[in-house]
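Listed features, source TrEMBL:
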type    : residues                           : note
DOMAIN  : 31-77                              : domain 'ATP-grasp'
BINDING : LYS68, GLY75, ARG76, GLY77, GLU136 : ATP binding site
BINDING : ASN229, ASP243                     : Mg(2+) binding site
BINDING : ASN294, GLY351, ILE352, MET353     : substrate binding site
Amino acid sequence: MLASWRKAGSLARAASAGQRRFLSIHEYQSVNLLNSYGIPTPKSIAAKTPQEAYEAAKQFNSTGCVIKAQVLAGGRGKGHFDNGLQGGVHLVESPEQAKDYANKMIGSKLITKQTGAAGRICNAVMLAERRDPSHEYYVAVLNDRSVGGPVLVASAQGGMNIEEVAAKDPSAIITTPINFEEGLSKSEALDLAKKLGFKSEGAQSEAADIFIRLYRIFKDKDATQIEINPMGETSDGHVLCMDAKFGFDDNAEFRQKDIFALRDISQEEPSEVEAQKYNLNFIKLDGSIGCLVNGAGLAMATMDVLALHGGNPANFLDVGGGATPETVKKAFEILVSDPKVKSIFINIFGGIMRCDYIAEGVINAAKELSLTVPLIVRLKGTKEAEAKEMIRQSGLKIIPFDDLDEAAHNAVKLAI
């Protein structure tokens, strides 16, 4: 159930073309956002150098603290760094220990179950005061298609993988629909806090206020997901958001400048960042056949046909209907920059997109880049004849096909 809400697989994101929804921000940035709405968290300080970590840890000397690698990936605690350090989350007993951990974390790559083998660079750490909760809860605000609006998803079984909880005990998940305009009322929020089992009236009230404010952030900032795991009830009866994960709608960038200024492109695939500059819908995959297609649906179908013939695409790339020879050339540059690409399959249906524009961009790129990778081209539709004539006159080794299956078969064959 929850897995379907949180799923943001590469191909699903790509197929949404102009509906990408995957801006994430670091934990320390999420904490600052929570605090700006009056939501309580353990005290924390971000550090970008070992010395800054040392100075920050001094402020927690009496209680000790936790140091967390700031990498946009789940499973940090169970991950490992490329320098051998195990775990991206550690208890710290002294400023010297904080400095040592920060020295090993900052500038190294953390590898988790979500990053893949390449890992992601850690450019900062967050030090947070140690607050040991007596009970941990899970809370999330997100959009639910079945409800047709936002919901608050909560469970008394926090601090663990919520998908596993939902699979083993669906009754442990409480889903509360939220009125989009009005948000949660205090009575609705208090009722949920009681169902979850917060002990005292004070804790119930604090939890209710957090629920209300989380939705306020969700709406104000065009979030697609806010996840608090865990929300902790402390032994002295207070409620804190111990960890936070945010996602924001890319379509709202024009009105959420402050949020999108927090974007950390060092956590993203460089080729995807470059493609975004040219409004190319590109997602890097791990196959050997480069794909250049117009239209998300045709791009998905092209990848399926390649797989049917035993091949693996190296990317998803939809140049869209408004591409120019210049953007096609840039797309081509991105494709050939991947050393794993052994053949390139261009599959264009010329409706809004003109085939001769594609041909011009491909020919220019092939000449300038001294292309050695086999290039298979299938062009159909607007200006098809002109495009094929341009390719024929170019003198380049470009292999044309009319039949999709035949083209895909040869793209796979030449990539072996």
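A Cβ is built for glycine as well, from the same backbone N, Cα and C atoms used for every other residue.
Those TrEMBL annotations? Automatic predictions, nothing curated.
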Practice item. Would you pick out, from the binding-site residues ASN229, ASN294, the residue whose Cβ has the largest number of other Cβ atoms within 10 Å? Key: ASN294
Check your understanding: Around the substrate site (ASN294, GLY351, ILE352, MET353), what further same-chain residues have their C-beta within 8 angstroms of the site's C-beta centre?
Key -> GLY295, GLY320, GLY321, ILE348, PHE349, GLY350, ARG354, GLY381, THR382
Check your understanding: Judged by the number of other CB atoms within 10 angstroms, which among GLU136, ASP243 is the least packed of the binding-site residues?
Key -> GLU136
Study note, to complete from the structure: The binding-site residues listed are ARG76, GLY77, ASN229, ASP243; by CA-CA distance, the one closest to MET353 (substrate binding site) is ARG76
**Study point:** From binding-site residues LYS68, ARG76, GLY77, GLU136, the one whose Cα lies nearest GLY351 (substrate binding site)
**Key:** ARG76
Point to revise | Listed binding-site residues (LYS68, ARG76), ranked by Cβ neighbours within 10 Å, top entry | key: LYS68
Check your understanding: Between LYS68 (ATP binding site) and ASN229 (Mg(2+) binding site), what C-alpha distance do you get in Å?
Key -> 15
Check your understanding: How many angstrom lie between the most widely spaced Cα atoms of the ATP binders LYS68, GLY75, ARG76, GLY77, GLU136?
Key -> 19
Exercise for review: Work through the binding-site residues one by one (GLY75, GLY77, ASP243) and name whichever has its CA nearest to the CA of ASN294 (substrate binding site).
Suggested key: GLY75
Point to revise | For MET353 (substrate binding site), the number of other Cβ atoms found within 10 Å of its own Cβ | key: 21
Study note, to complete from the structure: For the domain 'ATP-grasp' (31-77), the DSSP helix/strand/coil residue counts are 17 helix, 9 strand, 21 coil
**Study point:** Closest of GLY75, GLY77, GLU136, ASN229, ASP243 to ILE352 (substrate binding site), Cα positions, binding-site residues only
**Key:** GLY75
Practice item. Summarise the model's confidence over the domain 'ATP-grasp' (31-77) as a mean pLDDT value. Key: 94
**Study point:** Distance [Cα-Cα, Å, rounded] between GLY77 (ATP binding site) and ASN229 (Mg(2+) binding site)
**Key:** 14
